[in-house]
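The following features are taken from TrEMBL:
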| type | residues | note |
| --- | --- | --- |
| TRANSMEM | 26-51 | transmembrane segment |
| DOMAIN | 44-295 | domain 'G-protein coupled receptors family 1 profile' |
| TRANSMEM | 63-91 | transmembrane segment |
| TRANSMEM | 103-123 | transmembrane segment |
| TRANSMEM | 143-166 | transmembrane segment |
| TRANSMEM | 207-229 | transmembrane segment |
| TRANSMEM | 241-263 | transmembrane segment |
| TRANSMEM | 275-295 | transmembrane segment |
Amino acid sequence: TMVAVNQSSLHPASFLLLGMAGLEDLHIWISIPFCLVYLTTLLGNFILLFVIATERSLHEPMYLFLAMLAVADLVLSSSTVPKALGIFWALSTEMSFHACLTQMFFTHLSFIAESSILLAMAFDRYVAVCDPLRYVTVFTRSLIAKIGLAAVARSFCVMFPTIFLLRQLPYCGHRVMPHTYCEHMGIARLACADISANIWYGFATTLLSPGLDMVLIGLSYALILRAVFRLSSKDAQLKAVGTCSSHACVILVFYTPALFSFFTLRFGHSVPHHIHILLANVYVLLPPMLNPIVYTVRNKLIREKVTRVLLRTGR
């Protein structure tokens, strides 16, 4: 029991989240775009999931990956935004230690899963453009299901150790977190012990999950472009570029803010703290909102189906 007592006294019972520290006076104003973006995210992704689920013509690999992306987006934004709004509206700034770890786990888990799905989509586009005759035999329903399961399993395996890394740290009563949500390094920095294991683990997993995915996505796009420029007709070239452009937009939207956030946290010591927090929020707010919009605008088939659904409900 002595150990148990000791363990529980190491963790604070709860953390106090300050939101955008330094911009407290603006919390109500900051909450407006947060709220609008979140509502747009929910609406956009649920419509996309509904359309893909109900339209038989959309039961193709590309759209099934898109449905997985929508689920990951909903988990990513729902893990963070409702709590952030609670803080901005001064409804609840407190969060229990275990709730904080749970939030961190699901936020990072959905981010890594999304990165894995984007990689699968790049491979899908690669086979579609570079080896179209084998596309149907490669991308079977069972392969797509396995890819979905692999994305979740991989994210779980990457994130699970962080829970133990954070649980064994002593916090010495430090419980004030200048952030809108709990994330791995944000929690670790409150500890009053050496956190180099957390820093190295965070760095290694970032390089090996989103980092490696970006390299492989870049490689598949280089091969796609090489194949496109070998196509004889201009029409075929444009069509190939068209099928990849929406995916390329989504990749840029997803990785750019995350990279900015990662590098400013590691190296941008002169960057004001509220800029760090803003960047950390951009990457959980923007991609989930923009993904369904990009695909609906760029993809003719989805655009037609979504329009039909909206017109039906509007009547």
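Each Cβ is built from the backbone N, Cα and C atoms, and glycine gets one as well.
No curator has checked TrEMBL annotations; they are predicted automatically.
Within its own chain, the transmembrane segment (63-91) has Cβ neighbours under 8 Å at 17-19, 27-28, 30-31, 34-35, 37-38, 41-42, 45-46, 48-49, 52-53, 103, 106-107, 109-111, 113-114, 117-118, 120-121, 124, 144, 147-148, 151, 180-181, 250, 281, 284-285, 287-289, 291-292, 295, 302, counting only residues six or more beyond its boundaries.
Ranked by number of Cβ pairs under 8 Å to the transmembrane segment (207-229), the listed stretches 26-51, 103-123, 143-166, 241-263, 275-295 are led by 103-123. Of the two recorded stretches, the transmembrane segment (26-51) lies close to the transmembrane segment (275-295), with three or more CB pairs under 8 Å once pairs fewer than 6 apart in sequence are set aside. Contact between the transmembrane segment (143-166) and the transmembrane segment (241-263) does not hold: fewer than three of their C-beta pairs are under 8 Å, each pair 6 or more apart in sequence. Confidence in the domain 'G-protein coupled receptors family 1 profile' (44-295), given as mean pLDDT, stands at 87.
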